[in-house]
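> Sharing a structure with you now.
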Amino acid sequence: MTQFTHINASGEANMVDVSAKAETVREARAEAFVHMAPETLQLIVSGQHHKGDVFATARIAGIQAAKKTWDLIPLCHPLLLSKVEVQLEAIEAENKVRIESVCKLAGKTGVEMEALTAASVAALTIYDMCKAVQKDMVIGQVRLLEKTGGKSGHFKAES
């Protein structure tokens with residue numbers, strides 16, 4: 001069984017030492033969904049939401065969150081991200097918004113947590129902006145879709 005990398009021999013949490021690792025190009029994609037009432041989704045899609053452009057705000061929030069992941073998650077390394085992209089798509093037939101994030105860098109540690117944080121915070125921002133009109137929205141299925149680079153190689157989630 002693979003060992004947890006953030007726990008030392010005494011069972012204490014610690015930050016992994018990556019100083020001896022080689023720099024490689026690393027990329028990760030993650031997704032999240034926000035399920036809502038058709039009326040709420042229509043407010044977003046039509047641009048009629050009283051707080052403004054929900055997707056633009058969520059996109060910027062996701063990008064900012066990726067850059068702050070090291071500050072939010074205690075054992076994450078501060079990273080010099082070379083790319084953060086957050087795409088939002090209204091899926092009207094299913095009354096939900098799909099968020100996909102991509103993070104990339106050339107470095108010694110992966111960007112999975114940054115991609116997951118970007119998608120999660122974008123989803124939270126949608127909730128925050130729309131909670132006045134609907135409080136029972138559901139944020140769900142936050143997951144890593146794919147990652148490349150590094151010692152563990154390529155990972156792709158099953159559809």
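In case you wondered, yes, glycine gets a Cβ from its N, Cα and C as well.
Keep in mind it's a predicted model, so treat the numbers as computed, not measured.
When I checked Swiss-Prot for this same protein, it listed these features:
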type	residues	note
ACT_SITE	Asp128	active site
BINDING	Leu75, Cys76, His77, Met113, Glu114	substrate binding site
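I would like each feature placed in context: is it buried or exposed, what are its neighbours, and how far apart are things?
Within the same chain, no residue at least 6 positions away in sequence has its Cβ under 8 Å from that of Asp128 (active site).
Listed in sequence order, the residues of the same chain lying 6 or more apart from Met113 (substrate binding site) and placing their CB within less than 8 Å of its CB are Thr69, Ile73, Cys76.
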> Let me know how many other Cβ atoms fall within 10 Å of the Cβ of His77 (substrate binding site).
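Taking all protein chains shown, His77 (substrate binding site) has 15 Cβ neighbours within 10 Å.
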> Looking only at Leu75, Cys76, the binding-site residues on record, which one has the least crowded Cβ, with the fewest other Cβ atoms within 10 Å?
Leu75
> So the record assigns Leu75, Cys76, His77, Met113, Glu114 to substrate. If I measure every Cα pair among those residues, what is the longest distance in angstrom, as a whole number?
12
> Using a 10 Å cut-off, grab the number of neighbouring Cβ atoms around the Cβ of Glu114 (substrate binding site), all chains included.
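Summing over all protein chains shown, Glu114 (substrate binding site) has 28 other Cβ atoms within 10 Å.
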